[in-house]
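Annotated in TrEMBL:
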| type | residues | note |
| --- | --- | --- |
| DOMAIN | 46-144 | domain 'Protein kinase' |
| BINDING | 74 | ATP binding site |
Ligand SMILES: Nc1ncnc2c1ncn2[C@@H]1O[C@H](COP(=O)(O)OP(=O)(O)OP(=O)(O)O)[C@@H](O)[C@H]1O
């Protein structure tokens, strides 16, 4: 992808402001773009022992960035992949959402045919678990 400018981060990742001159890319992705190498390092080469889940869109690995931050790395499977344009468009929407009840997106990686999303790693992460625990923690008063 021949677009710039890139602002370098210590982790080896870059916060990318894509001011594209390439027709097929969207205007602004205000999130970190990781290199495949950085994510491979963080997950020990996507070691199966670091695999924490499998969703409808691909495998999820636990990883640790150089700065110590724990991450969940979602490697989108080939079957689930959209075109690059759609992927980046979606990324743009997600990266602009920030909410206390949502897992934070740290960034992404697009390299060759790889499409990877990087999230904040959550302990006791399963949504199902959260949904099971949640009603007890926050009982809802139903109106009669
Ligand atoms: N941020 C995260 N932190 C820790 N574990 C995660 C995180 N995101 C996903 N996981 C783990 O990976 C599994 C798969 O997650 P993923 O988001 O790919 O799919 P899903 O939520 O199970 O369903 P769907 O594919 O419909 O989105 C989860 O069930 C969870 O165990």
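Yeah, the Cβs are placed from backbone N, Cα and C, and that goes for glycine too.
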How many other Cβ atoms sit within 10 Å of the Cβ of residue 74 (ATP binding site)? 20
Tell me, roughly as an integer, the mean pLDDT over the domain 'Protein kinase' (46-144). 82
Mapped DSSP class for residue 74 (ATP binding site), helix or strand or coil: strand
